[in-house]
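*Asks:* Straight out of TrEMBL:
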| type | residues | note |
| --- | --- | --- |
| TRANSMEM | 16-36 | transmembrane segment |
| DOMAIN | 59-222 | domain 'Glycosyltransferase RgtA/B/C/D-like' |
| TRANSMEM | 80-100 | transmembrane segment |
| TRANSMEM | 107-129 | transmembrane segment |
| TRANSMEM | 135-154 | transmembrane segment |
| TRANSMEM | 161-184 | transmembrane segment |
| TRANSMEM | 204-222 | transmembrane segment |
| TRANSMEM | 259-278 | transmembrane segment |
| TRANSMEM | 298-317 | transmembrane segment |
| TRANSMEM | 329-348 | transmembrane segment |
| TRANSMEM | 354-377 | transmembrane segment |
| REGION | 520-541 | region 'Disordered' |
Amino acid sequence: MSQHTAPAPLSAPARYVLWGLGLLFLLRVALLFSTYTNLYPDEAQYWLWSRQLDFGYYSKPPMIAWLIHLSTLGSDAEPFVRLFAPFLHLGAALCLWGAGQRLFNEATGLCAAIIYSLMPGVVLSSAVISTDAPLMFFLSATLYFYSVFLTTNAEKARLKAALGMGLAFGAAFLSKYACLYFLIGAAAHAVLVPSVRRSWNLRSLALFAGAFVVLMSPNLYWNATHGFQTVSHTADNANWHWGKLFNPTSLLKFWRDQLGVFGPVPVVLMLLGIAGLVRPRAGLLHREADAAQRSALIGLACLTLPPLIFVSVQALLSRANANWAASAYVPASLLVAAFVVTGFSVAIRSHRLWRPALGVGLAIQVAIMAIFMLGAVSETLTHTLGLGNTVKRARGWDTLTHAVIAKAQTEVRPTAIAVDNRNVYNALAYYGRDWFTANPDVPLKAWVREAHPKSQAETETPLTADTGQNVLIVSYVDGFIPDIRRDFAATGPGESLKIALDHKRTRDFTLFRAYGFQRAPRDPRTGHPLGSSLEAPDDDQ
């Protein structure tokens, strides 16, 4: 009869951290049900995808749609669309806790969970549903299995860890392609550390790669049968223009934004610690660390740097959104925790400014979280705290939808409602879902400006002659109106519609009727309507 050893009880610090994570999780769930904000258009788009399950979608892999499908089985209300976000980030924190405990010690794991949970980017990401939440959870799970793989000597356990790593990484791939930076980091770790290289053998590589390929292959098949839409969209996001491939201001903006994603003090500690790894003689790191811990530090740095380096180059060449390097901050949370707990030299950790600096860093993270949560539940506090610009993208979409539907019902019934912006399409689709279901003879359509579609709405629900006899046009881009009018035999006068977002901001639209859709020729070189000189602007949500 086999003997089973009872699991060791949690230490007092571990219990406190676990209670703290649980309380933070409950607060985040409560926030979903008490916020006054709308879904922002990308969230509405993911909900729209979730109505029809598939192995891929125009601009993202399928995981986000699958999760929303599950969370909205009982209700399509905003809190349920977003419900998985706090669960995923709690799971990520727990995975980092486990990875830190295996690679270093309990204190490092606890510190990593705290750093991750209080990261400003995670504070925001826990209140919305985006591809970053599943990406960071499954990357954290991948990192946990990687830590098991590196710290076990038993071949069977190592093979199980390789299998788990492949499955978790495959799920990360189905969440967001930015997970692929992990492969670069893991390869660099194996190159730099011989003991890591020796840990891999043909069987473990086969299990990892096989599990990964099994999970990723349906999405690759979907892409292959859909003209590699998602891959093309990802490439389009790079937005490279020859002759404009040097933008230092964009690079500086990207790194300024990273202070708001990871937090100012964690960013400084991360860069300081990595500098210590690159230049051991600088005396920044503790010299008595054993080989296993030094290998772990090198590995975490290898996993952290690729997203930051590649996205920095992208920012210099064109532009980069703040969250494009989000995958860096899963390993970075554990890396900074390791530096703080044991990694930095005694001289640094005993300096009189060390504890105050950590205290200030923690206070900043907590303050950002508190301000965000308070602002998200009170319009008055949003205004008082100066957060109007931050939440504007998640306001006014329900009001717009009601106004458009009212307009459609007050005149001759249109054969379609057509929009010239993907964000407007997504918002109308979500907030008008009941009306469009009850009125299938008035479908929501996307006017396609260019020669080829640039969004899933333009691909799947374009305005055509069949639905274009008497169209209610909702235009968000004034410069597109002449192009829209050229696509119709006749059009009516425009009517201005201003949607208030707060006491000083509005979102402005032009509504008009258009009759007899006859798509005008497009320029074969630019794809734009003939006679148009206006470049399509970046979406302003």
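Positions of Cβ are set from backbone N, Cα and C atoms, glycine also.
Remember, TrEMBL labels are computer predictions, not curated facts.
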*Asks:* Restricting to the same chain and to residues at least six past its boundaries, which positions have a Cβ under 8 Å from a Cβ of the transmembrane segment (259-278)?
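*Replies:* Contacts with the transmembrane segment (259-278): 115, 118-121, 284-285, 297-298, 301, 304-305, 322-323, 325-326, 329, 332-333, 335-336, 339-340, 343-345, 357-358, 360-361, 364-365, 368.
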*Asks:* Examine the transmembrane segment (354-377) against the transmembrane segment (135-154) and state whether at least 3 Cβ pairs sit under 8 A, considering only residue pairs 6 or more apart.
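*Replies:* Per Cβ check, the transmembrane segment (354-377) does not touch the transmembrane segment (135-154).
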*Asks:* Using a Cβ distance cut-off of under 8 Å, indicate which of 16-36, 135-154, 329-348 has the most pairs with the transmembrane segment (107-129).
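*Replies:* Answer is 329-348, with the largest number of Cβ pairs below 8 Å.
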